[in-house]
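Peer 1: Could you have a look at this structure, given as structure tokens, before my questions?
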Amino acid sequence: MPLGLGRRKKASPLVENEEAEPVRAGLNVPGLDGMDGVGGGLGEATAQEGLPPPPTSLRPRLIFHTQLAHGSPTGRIEGFSNVRELYAKIGEAFGIPPAEVMFCTLNTHKVDMDKLLGGQIGLEDFIFAHVKGQRKEVEVFKGEDALGLTITDNGAGYAFIKRIREGSIIHQIQVINVGDMIESINGHMLIGCRHYEVAKMLKELPRGKNFVLKLVEPLKAFDMISQRSGGSRSGGQLGTGRGTLRLRSKGPATVEELPSAFEEKAIEKVDDLLESYMGIRDSELAATMVELGKDKKNPDEFAEALDETLGDFAFPDEFVFDVWGAIGDAKVGRV
């Protein structure tokens, strides 16, 4: 079937269920309105038929523990629905401007891209916030078409390096590391740009010429060793079995079950395709694409759904077809 016809181009628990305080605005937790059971300790009691729901003051709230990755006391944050609100809460907890937060990792203070906080947080995950450190300016000679970089972003306006391919141009420049935020290319400021825009700009730089990168590295603790490759590509589930809090750019956050084995495999496959085609990795974007495609009957329906929801990316037809195939392979258990 032709594709794209008509397309528009463990000490204490890390999350505490506390009573006697209201659920903060912005967290839409399924089941809490009637306490009809989310599972894993979130509203397990079922309201008896005919009885009014419990008062707001008795509903649980979600509280996460957090630290600054380079070292700090432990803070407690709650009441956020997206990454920008999360960074604002972290800023309040530690008395720093939210714009100082570059990205967060889950359950490790190290710059480990396999533990990067994306669109979901396990309900017992510990959040480590990586803040801006040293600025650096690097001149790079583009001797090959591919620089060897994989770009991601934090969902709040900062694009940074998620992986450096071994043996590549960038791998030979020791001062450039995984986790470095790309502030500008040849003087063009990139604050507010998405990862795919930055990757496209790097790809379009002329071969055989020098260009200048301005970078900001995350502030590191003494025991943090620079990780040049970005870690393995095995992924791995960060949740603890109690579900995850899914952050959304639009609308309230929601508590959801952990991804199924099919979804986890499909997300990994789609994320690999994003890196191969676009030079980016974004597990949340991959998860959105899997969600859009898993119930579609054919690639044209999938393409239309992508255009409607993710039209800004202008995915090429070949990429869309490969994503459709990857989702299908995950459904039938193909490797």
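Backbone N, Cα and C atoms are what each Cβ position is placed from, and that goes for glycine too.
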Peer 1: With the ranges 1-31, 63-93, 125-155 to choose from, which does TrEMBL describe as region 'Disordered'?
Peer 2: 1-31
Peer 1: For the domain 'PDZ' (137-204), what's the mean pLDDT in this predicted model?
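Peer 2: Its mean pLDDT is 93.
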